[in-house]
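*Asks:* Starting off with a structure, shown below.
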Amino acid sequence: MSNDIATIELHARAAIDAAGDPAALDAVRVALLGKTGQVTALLKSLGGMDAEARKSFGAAVNALKNTVAEAIEQRRAVLDAAALDARLAAERIDITLPARPAPRGTIHPLSRTIEELTALFGAMGFTVKDGPDIEDDWYSFGALNIPSHHPARAMMDTFYLKPSGRNRPMVLRPHTSTLQIRTMLEQKPPIRVIVPGRTYRSDHDATHSPMFHQCEGLVIDRGITLAHLKGCLVDFLRAYFEIPDLKARFRSSYFPFTEPSMEIDIAWDRKTGVIGAGSDWLEILGSGMVHPNVLANCGIDPREYQGFAFGMGVERITMLKHGIADLRSFYESDIRWLSHYGTSPLAPVTLHEGDA
Amino acid sequence: MKFSLSWLRTHLTTDASLGQIAETLNNIGLEVEGIEDRGAALAPFVIARVIEAVPHPNADRLRVCRVDSGSGEVGVVCGAPNARTGMTTVFAPPGAYIPGSGITLKIGEIRGVASAGMLVSAREMALGEDHDGIVDLPGDAPVGTPYAAWAGLDDPVIEISVTPNRGDALAVRGIARDLAAAGLGTLTPWNAPAINGTGASAIRWQDDFTEACPWILGRTVRGVRNGESPAWLKQRLESVGLRPINALADITNFFTIDLGRPLHVFDVNKISGGALTVRRGAGERFRGLHGKDVNVTSDDCVIADAAGVQSLAGIVGGEATGCDEATTDVFIECALFDRVAIALSGQRSGIFSDARQRFERGIDVSLLPAALDAATAMVIALCGGEVSAITEAGAEPAWQRQASLRFERLQSFGRSDVTPDRAVGILGALGFGIAARDAAGVTVDVPPWRNDVASAGFSAGSTLDQHEDLDPDLATAVRQGARAIEPEADLIEEVLRIEGLDRIVPVSLPPLATVPTPSLTPRQARSVRARRVLAARGMAECVTFSFVDRATAARFGATPDTLTVANPIAADLDQMRPSPLATIARAAATNAARGFDDLALFEIGPGFRDETPAGQDLIAAGLRSGATPLSWIAASRNVDAFDAKADAFAVLQEIGVPLEALQVSATAPGHYHPGRAGTIKQGPKTTIGSFGELHPSLCAALDLPAGSVGFEIDLGAIADPKRRRKSAPDISPLQPLRRDFAFVVDAGVAAEAVLRAAKSAERGLITDVTLFDRYAGDKLPAGKVSLAIAVTLQPKDKSLTDSEIEAVSAKIVASVSKATNATLRG
């Protein structure tokens with residue numbers, strides 16, 4: 001009998017190894033372990049034996065059954081792996097084919113700069129103020145200490161709208177300083193605001209556009225001095241241009257709404273256009289201590305409060321930072337230019353995460 | 001304002017270099033716009049004598065010259081036809097840069113003869129076009145002397161930009177005074193020569209408009225010979241770009257620049273009636289000295305004789321009474337005109353003149369008698385003649401006033417460490433008289449030329465223009481504050497300007513809080529997010545002008561006259577746009593014309609309904625045209641209204657608008673396709689946007705690709721986001737299940753109605769309804785469509801039984817059928 005078992009096992013192993021696919025293996029399994037299978041028949045034969053014989057033979061048959069079952073499972077794993085390999089080989093694609101198109105959009109460089117201004121001045125406690133592009137001439141001039149006969153009005157080259165029957169002429173704001181006035185009327189000191197926004201002047205050539213962007217700033221509090229004006233703007237310029245030791249020069253100048261007034265130059269190289277290098281100076285900002293008349297026009301007592309205001313061209317600082325040559329290209333919306341100079345909508349604005 | 005260094009030196013004794021002067025001017029608020037220093041470029045060129053010129057042995061046209069350059073003899077080969085023995089000319093040594101030809105000279109050999117330098121023509125020195133030969137100088141020109149110095153060309157000309165407050169700096173003397181105060185030398189004393197005229201002036205003044213002309217002087221000089229001015233005067237005027245005319249006219253121009261004191265000269269024999277009257281204009285016209293007719297109004301101050309208007313006061317004189325070479329008797333006008341009157345007249349006439357520039361910025365109000373004497377003296381010196389007594393009308397205005405400075409304010413306002421002595425010294429050097437001084441401060445007399453200092457209530461000085469709604473008590477208090485502070489601020493400005501702002505040590509702003517508050521309001525942050533989401537959806541942000549041509553504007557909305565620019569820079573930029581979509585469309589058309597018509601552009605910017613603050617909206621608008629990108633995976637398709645709808649809803653979702661509360665109606669503004677566009681409403685009244693295919697005739701008119709689509713979201717119309725905490729989410733442990741339904745409805749039924757009805761069938765259980773198929777065709781009756789929806793059921797407490805699912809399904813079918821007359825598709 002034990003010879004039979006050994007023979008069966010031998011034959012079973014041969015049949016299992018010979019099974020070339022899962023179906024053949026299943027046929028072998030049925031032939032051995034199925035209801036009428038060879039091993040099953042041996043198990044069935046145990047019933048007719050005496051107890052002694054059943055004990056020894058039974059152990060041998062059960063061992064055979066386990067061995068065969070195990071061999072079948074091993075073979076099945078091998079066949080499955082081969083089948084998977086074959087399927088995967090058949091499923092191969094050309095992975096160099098292009099992905100689904102997902103067009104990338106861009107943020108305009110002016111928006112990018114305004115976000116940077118917001119972040120940098122925001123770190124110094126400024127909030128952003130916005131307001132109407134069309135203002136009456138009080139907000140645009142009168143409140144800012146520019147009476148109607150003032151030669152400074154001619155400096156502005158202002159756009160006027162056709163008369164509306166209202167008392168005051170309406171203008172396209174020639175500066176965002178109009179929001180200085182709205183801020184001081186709406187809010188008590190301490191005030192720290194910046195006003196990035198559209199401005200309009202009647203000028204159109206290679207270096208002037210009839211619409212452009214300014215960023216105005218206003219700080220009003222007790223004890224704000226000229227030294228703070230200088231500190232704030234030097235801090236800003238160094239952070240914006242990412243040059244920690246950028247040199248700045250403060251030159252006396254004149255604006256009707258500040259006294260004293262000054263223009264601020266930064267060091268640059270006229271030949272190469274590199275900011276911070278060279279021995280030339282580049283005008284970048286206008287600023288000054290807020291004129292007592294402007295404070296009084298807005299109901300703030302200049303004996304109690306003082307502060308400073310500044311204004312800069314957003315296009316100008318954008319062109320300088322990114323080496324953009326032509327002002328007009330900002331508004332032409334040439335898709336090639338927008339793709340080239342635009343930034344990613346996901347680029348972080350905070351400086352410590354770097355420039356995108 | 002231009003002036004030459006030598007002119008400056010007539011008022012300023014200084015050793016300072018040109019560079020130091022320029023740097024100081026920049027620091028004290030007189031910004032240098034340019035320096036023309038012809039002498040520097042001509043420095044190597046010296047006067048030389050040709051000892052001998054002989055023909056070149058190897059070239060017919062060349063000559064070999066022995067040249068005495070003043071520092072030795074050199075040999076020069078010269079091609080000029082006029083080179084001759086004994087000639088005095090100009091020599092450039094080796095190493096010299098020749099500006100006219102752009103080369104730097106080297107020692108060389110020309111056709112076998114050594115040549116160490118060059119004899120030059122005027123053109124080679126960039127001094128004109130003369131290239132017929134080398135410069136031929138008079139025989140007495142000093143050999144060895146720099147040519148520029150001998151020819152008077154070594155006088156640098158400085159051009160500064162003078163700010164509107166500094167009328168006094170529109171005078172060489174005023175500039176000299178500032179430089180002296182800044183430590184660059186000493187101001188030369190200036191005193192007018194005493195002139196004693198005899199006899200009454202042939203012309204009298206009559207002043208009938210004293211508001212515009214408070215004081216006017218004049219005097220006649222008889223028997224003058226008016227001709228060419230002497231070389232020094234012509235050179236002075238030419239150096240600053242003024243064309244010499246004749247001596248009398250040149251004298252007036254000289255004083256305009258020298259003292260900032262405009263004058264005018266009349267030819268006595270051309271004046272009718274023996275008197276000149278200062279009066280209002282009356283609609284007359286006269287021919288000005290600038291060669292054009294001038295019309296005057298009753299607001300203009302004019303000077304008239306018996307024959308009519310002869311001059312627009314303080315701006316331009318008249319041709320009819322001007323002086324020429326035949327003039328024998330001259331009347332000199334020296335007037336004080338009101339700044340505002342001149343500024344407004346100047347704006348009306350549009351005439352820019354040196355006189356207007358000075359009068360409207362303010363001249364020295366007390367200088368009139370001295371200036372008239374100085375001018376008279378120069379007339380006598382250059383033209384001879386007999387001087388009359390002065391004729392005068394009006395009177396010197398009371399210009400005397402004081403201002404005080406508390407020394408402590410230099411520190412508390414300027415953080416400047418300038419000492420009281422230095423501050424007082426600066427003010428003194430600027431011409432302020434020291435009236436009183438103690439330890440705490442100084443009181444000064446303001447000089448008559450500083451119309452910008454302590455000017456409240458004086459001349460056209462500082463005026464307040466307070467907001468009309470200020471509380472009256474507050475308005476009065478702060479007005480007093482300004483009156484108290486402003487004169488002091490003027491003095492602080494003067495001290496710091498001269499001391500140099502660079503000497504103030506910067507101090508960073510003290511933080512308001514350790515961690516700053518947010519910079520943007522929730523509304524502002526919303527437009528940032530709208531911008532980012534649109535860019536993330538593949539659109540390129542653009543920035544276009546807020547104005548556009550009126551015809552284009554009218555295609556996108558109303559174009560009231562009150563939004564028309566009265567003085568547009570160009571005819572096609574004359575109307576404020578109703579929506580950014582108008583200018584985006586223009587930009588898209590330009591791109592399409594360049595061959596880029598698959599576009600996705602957006603802008604977040606203003607659109608205008610009216611001129612009030614409330615009529616100016618912040619709008620996010622976008623436009624797509626052409627087709628989706630080519631791809632092997634999915635066929636490219638043309639953009640359609642649903643692309644625009646997706647953009648619009650992406651914005652709304654990103655900025656936190658609850659989408660389920662929005663309604664879309666199938667009506668849209670006229671610039672959209674009437675059957676392929678929609679309006680988005682938040683609640684029954686608030687329209688927050690629109691989207692869809694653009695109207696075909698709009699696309700045709702603007703040269704936009706047909707089928708372009710767009711959207712507009714009025715960011716301002718959307719209610720402020722609510723700042724409340726979200727409730728805890730209802731996250732069920734049970735699996736959701738999906739049931740699909742296909743409904744057949746009339747083609748006119750809005751899909752949204754089906755979705756709404758399905759969703760409302762069992763609110764507690766249905767979490768999502770998605771339309772996944774729409775079919776119309778031959779398997780359905782005409783006029784019917786099939787809409788297939790997937791409904792997600794989310795059980796909460798226990799799994800749903802089959803009968804419960806059946807019940808919900810029946811509710812859905814009933815709800816949709818009731819709302820839309822739908823039948824379940826069999």
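Positions of Cβ are set from backbone N, Cα and C atoms, glycine also.
It should be emphasised that the depicted structure is a prediction, and the values quoted were computed from it without experimental measurement.
The Mg(2+) binding site annotation in TrEMBL covers B:D452, B:D490, B:E493, B:E494. Residues or ranges marked as domain 'TRNA-binding' by TrEMBL: B:39-148. As annotated by TrEMBL, domain 'B5' applies to B:398-506. Per TrEMBL, domain 'FDX-ACB' is recorded for B:732-825.
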*Asks:* Output, ordered by sequence, the same-chain residues six or more apart from B:E494 (Mg(2+) binding site) with a CB under 8 Å from its CB, or 'none'.
*Replies:* B:I426, B:L427, B:L430, B:F432, B:V453
*Asks:* Please work out the helix, strand and coil residue numbers for the domain 'B5' (B:398-506) from the DSSP assignment.
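*Replies:* DSSP composition of the domain 'B5' (B:398-506): 47 helix, 15 strand, 47 coil.
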*Asks:* Just give the helix, strand and coil counts over the domain 'FDX-ACB' (B:732-825), going by DSSP.
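*Replies:* When I sort the residues of the domain 'FDX-ACB' (B:732-825) into the three classes, I find 31 helix, 32 strand, 31 coil.
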*Asks:* For the domain 'TRNA-binding' (B:39-148), give the DSSP counts of helix residues, strand residues and coil residues.
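*Replies:* The counts are 8 helix, 46 strand, 56 coil.
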*Asks:* Grab the pLDDT values for the domain 'TRNA-binding' (B:39-148) and give me their mean, rounded.
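*Replies:* Mean pLDDT, the domain 'TRNA-binding' (B:39-148): 86.
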*Asks:* I want to check the contact list for B:D490 (Mg(2+) binding site): same chain, sequence separation of six or more, C-beta distance under 8 angstroms. What comes out?
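*Replies:* Set apart from B:D490 (Mg(2+) binding site) by at least 6 residues yet with Cβ under 8 Å, we have B:A403, B:D452, B:V453, B:A454, B:S455.
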